[in-house]
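The transmembrane segment annotation in TrEMBL covers A:12-33, A:70-92, A:99-123, A:143-162, A:183-204, A:239-261. Residues or ranges marked as domain 'ABC transmembrane type-1' in TrEMBL: A:64-258.
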């Protein structure tokens with residue numbers, strides 16, 4: 001029970017910030033229905049031209065499919081590595097594990113532009129071995145996205161593990177369960193929701209990654225954000241408004257689906 | 001004391017990710033560091049340019065200035081929303097959650113585009129102002145520093161909310177009760193009791209937001225329109241427009257050093273138990 005609810009001043013200030021946070025998302029919607037080629041509000045008539053472009057222009061479709069594919073690969077790779085790592089950390093002595101966790105969280109803390117340069121170095125090096133795994137390739141982008149997203153997955157799975165009652169693992173061990181049995185029959189079923197959330201988050205992060213992708217692709221591996229970037233720098237194309245609305249709707253659906261599957265709400269009245 | 005029988009299997013579970021990042025991240029970073037002292041010729045020439053070259057200097061100064069402004073605004077805004085989020089009614093909490101977490105999941109590009117749609121010459125703000133007869137011609141609202149600041153604040157507010165929330169949740173209600181019992185006004189309770197108690201969270205949020213803002217690239221590049229270039233965009237330009245990899249690498253190393261110093265500071269606060277929630 002709170003003795004003091006926020007006063008009117010605090011509520012109004014928070015409301016203003018809330019409006020500020022939603023404003024750019026809402027602004028995209030009317031622009032996407034404009035009939036013209038310019039970034040204007042539709043006058044009089046609404047039009048779906050820009051939505052049609054998304055399906056008729058092969059560039060958009062190809063990028064959407066490529067981004068979905070890379071997002072899926074990245075999600076599987078990143079979540080697997082992160083879950084295995086987090087399980088190991090959960091079983092290790094705390095003192096020893098701090099250093100390891102710090103190390104794997106680096107890509108989240110280091111400025112993205114530095115990571116971008118680092119991954120550019122890696123992938124141009126790998127290109128010397130084979131063009132299909134290095135710079136401007138699907139595998140190269142997947143590897144880079146895995147590096148960038150894995151810290152978020154690790155955090156998610158560690159948070160899920162922190163809520164597991166250690167006594168059930170202790171009980172399993174007491175009854176002679178092997179490490180593999182403990183992991184697959186005891187621990188993993190208890191963190192399944194956390195792992196699924198991590199996979200979802202990684203997919204979204206990869207799907208919209210641009211900072212690093214910009215450095216490591218040029219003409220072949222044009223992901224959706226990369227294509228949007230090209231249309232945003234110079235003459236702003238209203239087709240981007242249409243794709244943005246689609247992206248916002250997809251994200252909202254994913255968030256709603258996640259809420260529906262969640263067993264208990266995260267932020268409840270204490 | 002957990003049993004040591006699981007030590008080796010546990011270590012083996014952590015190995016794939018640690019090895020992956022060692023080869024795909026740590027080693028290539030050393031390669032970049034090597035570029036900074038070998039391109040175009042061996043020596044510390046690039047680092048001399050970092051401190052000597054007026055262009056590089058002005059970009060660093062602009063970056064620090066913009067990031068400071070952005071940090072102050074973002075933490076202040078986040079404080080207001082977090083306050084209502086943590087202490088408000090159920091309805092207020094739900095509304096704030098939507099405002100904070102929905103934009104958080106939306107792509108940086110979409111959000112930058114949203115700002116363009118709002119602020120460009122034919123955009124929503126200019127169109128409305130002209131329709132209302134408040135302005136004659138369009139105002140230049142975008143492709144300048146204020147629009148970069150607005151865009152960056154927008155991205156960074158959610159990152160400040162979490163440390164602030166964990167600090168606000170640890171405030172002992174009895175302190176506020178005591179203050180009220182002694183006749184303090186609402187404002188006085190906030191100013192003399194609540195704010196000082198949550199100050200560690202403010203410090204944590206400030207450091208985190210500042211560190212994140214330093215490496216910003218996409219938002220300033222789009223909303224700044226190439227005019228007010230920040231450090232990260234300078235790296236990009238040096239890599240792909242006027243190939244000068246040595247300088248790009250040197251700036252990257254400098255950024256890592258600055259971020260490491262700031263994170264060290266943050267870790268000190270956390271160790272002293274000053275930041276709420278031990279972040």
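A Cβ is built for glycine as well, from the same backbone N, Cα and C atoms used for every other residue.
Counting only same-chain residues 6+ beyond the ends of the transmembrane segment (A:239-261), those with a CB under 8 A from a CB of the stretch are 25, 28-29, 31-32, 34, 39, 50-51, 53-54, 57, 60, 193, 196-197, 200, 204, 208, 224, 228, 231-232. Panel annotation: around the transmembrane segment (A:143-162), residues 70-71, 74, 77-79, 81-83, 85-87, 89-90, 101, 104-109, 112, 115, 119, 122-123, 187, 191, 193-195, 197-199, 201-202, 205-206, 209, 212-213, 216 of the same chain, lying at least six beyond its termini, place a Cβ under 8 Å from a Cβ of the stretch. If one looks beyond the transmembrane segment (A:70-92) by at least 6 residues along the same chain, the residues whose Cβ comes under 8 Å of a Cβ in the stretch are 100-101, 104, 138, 141-142, 145-146, 149-150, 153-154, 156-158, 161, 164, 183, 187-188, 195, 198-200, 202-204, 206-207, 221, 223.
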